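Database features, via TrEMBL:
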{"type": "BINDING", "residues": "11, 12, 13, 14, 15, 16, 116", "note": "ATP binding site"}
{"type": "BINDING", "residues": "15", "note": "Mg(2+) binding site"}
{"type": "BINDING", "residues": "33, 57, 79, 132", "note": "substrate binding site"}
Ligand SMILES: Nc1ncnc2c1ncn2[C@@H]1O[C@H](COP(=O)(O)OP(=O)(O)OP(=O)(O)O)[C@@H](O)[C@H]1O
Ligand SMILES: O=C(O)C1=C[C@@H](O)[C@@H](O)[C@H](O)C1
Ligand SMILES: [Mg+2]
């Protein structure tokens, strides 16, 4: 099976959906944020604090190259993966890209804001969305509305894969 990647706003459900999807399809699962934290031996928040966003984006791009050297894997990306075009060109080549869309107000009410350094201020989520929603739409192969249960979103993805 071709690799699958999930993109979308912070808190939209990429990690949770990716994990369940990979189990259902018998595929491996990699969460890029967790991969980075293990590689750097540091929490993402700490990387941002100590070295800044640019440095994090460099690690993120390198880590993406590492994890895409694989097959039969579901990869949940970080919310900012779309901020570098090179990441998306590479993801497009190696994966089927699903954009996980979740209502911003629901995200704000449900998500934990610790360990999400760009979400310190809730208004920032709206600003990020303004900048990024066009990019998510542009780069995805399919958009999945995550407006019911996690299992519902997973089933939508599996249905598309079966029809593909
Ligand atoms: N359809 C859903 N129903 C109930 N809870 C959901 C749903 N989708 C996501 N959540 C919850 O929202 C929270 C954020 O989800 P998750 O961590 O998977 O998002 P993410 O896209 O990986 O975020 P980040 O980009 O910050 O890593 C989790 O607590 C998750 O359980
Ligand atoms: O939206 C973003 O830019 C980010 C989202 C998280 O998944 C992490 O990758 C990091 O906190 C940056
Ligand atoms: Mg995640």
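The backbone N, Cα and C atoms fix where each Cβ goes, and this holds for glycine too.
Locations of recorded TrEMBL features on the structure.
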residue : record                 : contacts (Cβ under 8 Å, 6+ apart)
12      : ATP binding site       : 79, 100, 101, 102, 107, 146
13      : ATP binding site       : 100, 102, 146, 150, 153
14      : ATP binding site       : 6, 7, 8, 76, 77, 79, 100
15      : ATP binding site       : 31, 33, 76
16      : ATP binding site       : 150
57      : substrate binding site : 80, 83, 84
132     : substrate binding site : 9, 79, 80, 82, 83
Residue 33 (substrate binding site) CB neighbourhood, other CB atoms within 10 A: 21
Diameter of the substrate binding set by C-alpha atoms, the set being 33, 57, 79, 132, in angstrom: 18
Listed binding-site residues with Cβ under 6 Å from ligand 2, out of 12, 33, 79: 33, 79
Those binding-site residues in 13, 14, 15 whose CB falls under 6 A of ligand 3, listed in sequence order: 14, 15
Other CB atoms, at most 10 A from the CB of residue 79 (substrate binding site): 22
Listed binding-site residues adjacent to ligand 1, that is, members of 12, 15, 16, 57, 79, 132 whose C-beta is under 6 A away: 12, 15, 16, 79
